[in-house]
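Taken straight from Swiss-Prot:
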| type | residues | note |
| --- | --- | --- |
| DOMAIN | 5-105 | domain 'Ig-like 1' |
| DISULFID | 26-78 | disulfide bond |
| CARBOHYD | 58 | N-linked glycosylation site |
| CARBOHYD | 75 | N-linked glycosylation site |
| REGION | 89-111 | region 'Disordered' |
| COMPBIAS | 96-111 | compositional bias 'Polar residues' |
| CARBOHYD | 112 | N-linked glycosylation site |
| DOMAIN | 133-233 | domain 'Ig-like 2' |
| CARBOHYD | 135 | N-linked glycosylation site |
| CARBOHYD | 227 | N-linked glycosylation site |
| TRANSMEM | 262-279 | transmembrane segment |
| TOPO_DOM | 280-290 | topological domain 'Cytoplasmic' |
């Protein structure tokens, strides 16, 4: 008999304002071709589908939706329609507090980072003019139970103003095709700046050879160009679990995995997938365009 597919729901850990949009993700891994959907289908829901792909004997598919926070409710359900119907309803992460009236839930619990968060809001409160991006990272997405998911890279950038920004990916020898990656719309962060991310699907499976992929960020308003690269060698993986919120197959509650390196202490970054593995040889260079 075919094994029943595994199903994982993802949610932003940071609670949205009522007038904001929130990203939800549904990751399904199974031994047969899959057809999944988010329900209910409404005009206010924006979908992005990463097509089903087979790796190591399993089919993997990711469906991301962007929903208005004011319309978010427990009726949102990720459904496998093929080969056999299976459902998993969205559930508010425990880090959200329904006591708040202005938010769907309050801000994420910053734990030891409350001082840094307050400082960021204070020092950047009244921003005049352009602000150059200050944080740029590239990480590989993978899980210990499903190594086939190691075919994704995540690029995150934050601290810029205004919000207009351009992200692209460079491969080993050339620019990556736009069909291989998706970039989120910039969202506001404390202090009046913005942040965004881009996810790249690698065209081939990782091997023992060393390949380098680069995320290039161009912020025209501040005349700034950043790039961050990741050299991938499967033997060089160092597991570092970053902060994310995921509801797995065996549980009805979210796991809140705290980011070890504290790159973005004032927020919980939503990623298209869920467990980030930090590979060696990552570096960031800053180029100021005159």
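Using N, Cα and C of the backbone, Cβ positions are placed for all residues, glycine too.
Features as recorded by Swiss-Prot, highlighted on the structure.
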residue: 26; record: disulfide bond; DSSP class: strand
residue: 58; record: N-linked glycosylation site; DSSP class: strand
residue: 75; record: N-linked glycosylation site; DSSP class: coil
residue: 135; record: N-linked glycosylation site; DSSP class: strand
residue: 227; record: N-linked glycosylation site; DSSP class: strand
Q | residue 135 (N-linked glycosylation site) versus recorded positions 26, 58, 75, 78, 227 - nearest by Cα | A | 227
**Q.** Segment confidence, the domain 'Ig-like 2' (133-233), expressed as mean pLDDT
**A.** 80
Q: Consider the recorded positions 26, 58, 227 and say which one has the Cα lying nearest the Cα of residue 75 (N-linked glycosylation site).
A: 26
Q. Here are the glycosylation sites: 58, 75, 135, 227. Which has the lowest count of other Cβ atoms within 10 Å?
A. 75
(Q) Let's check the environment of residue 26 (disulfide bond): how many other CB atoms sit within 10 Å of its CB? (A) 23
Q. Given the recorded positions 26, 58, 78, which one's Cα is the least distant from that of residue 227 (N-linked glycosylation site)?
A. 26
Q) Counting only residues 6+ apart in the same chain, whose Cβ is under 8 Å from the Cβ of residue 78 (disulfide bond)? A) 7, 9, 26, 28, 36, 37, 38, 63, 87, 88, 89, 90
